[in-house]
Each structure stands twice: as structure tokens, then as C-alpha cells.
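Student: So Swiss-Prot says this about it:
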- ARG12: site 'Important for substrate specificity' (SITE)
- ASP73: active site, proton acceptor (ACT_SITE)
- THR74: site 'Important for substrate specificity' (SITE)
- GLN158: site 'Important for substrate specificity' (SITE)
Amino acid sequence: MKRLILASSSPRRIELLKQFGIEFEIIPSNIDESIDQSLSVEENVMQLAKKKAQEVFNKLREENKHFLVIAADTLVFVEGVILGKPSNEDEAFWMLRKISGKWHSVYTGVCIIDGPRERILVEYEKSNVYIKHMSDEEILRYISTKEPFDKAGAYAIQGFGSLIVERIDGCFYNVVGLPLYRLNIMLQKLGYDLMKGEL
């Protein structure tokens, strides 16, 4: 069985992968996740996912190459602006006000590096989300849950944030942070399949 590495410490991504009953290791990447506003959001998520996977792959390549690295990066796009994770309450407030009462797009880039062949696949998934109109008081109440601070766009669709998401068009798991359908399509291109319960 191939050694599977998830290049992320995200609790959401870990839980999503765990549900398939496959064994995997968690080796978080340590890259600079700064957003390049001169690039498209698609280019940003794919570039960041690839950097994460490549960094972890390079750490392990001297041991042996019988492993598979999976990395992902999620960003939000609204009115021409790319949103990452807020670094403080003011930034979270600004982001939540920005997405309040309108549609925005969530993009997740996924990169898989197949160790034995050093084959690299990078793709992305897009979902559209409509956030209900929130008063400043509601925004502050949501921020007080502390949920926004490690989430792109300052909300979690599977937590308290589910109470502000009015509609979604596209893959739900993409908004959580790991588009499972897209991930499995990519794995199938490399000869693997999550449906089989092993890699």
C-alpha cells in the first residue's frame, strides 16, 4: 500500500479524508501563503497548492519515493478581490461585510504528487455561495465565536457559518476546503480510487 501524505494541518481536510477509512500521515507544509493580487484566483489557488505539495515532497524524497502527497489551498473571490484568511478581528469584520448579502465564489486548488513517477497534477474547483445580509451586530456576534480566523473569507460553512449561508451552487466540500469529487477524479487519472478504500 502506498504511503499517503496530507500536506495540511486543517482539521476540516483531515476529517474529510478520514471518512474513507484509508491510512494517511499529516505533514503540514510551511510555505508563505501570501496572495498575489496580480494573478487570477485560479492561478493563486493552484500555485499555492503546488507549492505546499512540492515542499512536503522535497522533505520526503530522500527517504523513498513510494508515497503520494495531497495538498490544497482555498480562497474566496468577491467583486474583483481575492480573500484569504483574516489575520485579526478588523480584517474578519471587513471580509464578512464584503460578502454579506451577495454571491461570492470559493476556489480550492488541489495538487497531487505521485512519488514513484514524480508526476504532478494540479486542478481547481469552484463553488458559488450566497451569504445572507448581516447587520454589523450579527457580524460581530459571529466573529465572537472565533470561527472566522483560520478560514478563507472569514467563515466556515460547516460550523456557525452554516447559519449565514443561504444558498450554494457547486461542491459543498469545496467550500469546506477539499473538493472530494475533484480529488478522486485526479486520483483516478493516476490509477488510484478512493472508492476502493486503499491507494
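Note: Cβ is positioned from N, Cα and C throughout, glycine not excepted.
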Student: I want to check the contact list for ASP73 (active site, proton acceptor): same chain, sequence separation of six or more, C-beta distance under 8 angstroms. What comes out?
Tutor: GLU33, ASN44, VAL45, LEU48, ALA49, LYS52, THR108, GLY109
Student: Using all protein chains in view, find how many other C-beta atoms are within 10 Å of the C-beta of THR74 (site 'Important for substrate specificity').
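Tutor: Result for THR74 (site 'Important for substrate specificity'): 28 other Cβ atoms within 10 Å.
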Student: Inside 10 Å of the Cβ of GLN158 (site 'Important for substrate specificity'), count up the other Cβ atoms and send me the figure.
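Tutor: For GLN158 (site 'Important for substrate specificity'), the 10 Å Cβ neighbour count is 16.
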Student: What Cα-Cα separation, expressed in whole Å, is found between GLN158 (site 'Important for substrate specificity') and ARG12 (site 'Important for substrate specificity')?
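Tutor: That separation, Cα to Cα, works out to 9 Å.
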Student: Compute the C-alpha separation of ARG12 (site 'Important for substrate specificity') from THR74 (site 'Important for substrate specificity'), stating it in Å without decimals.
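Tutor: So the Cα of THR74 (site 'Important for substrate specificity') lies 12 Å away from that of ARG12 (site 'Important for substrate specificity').
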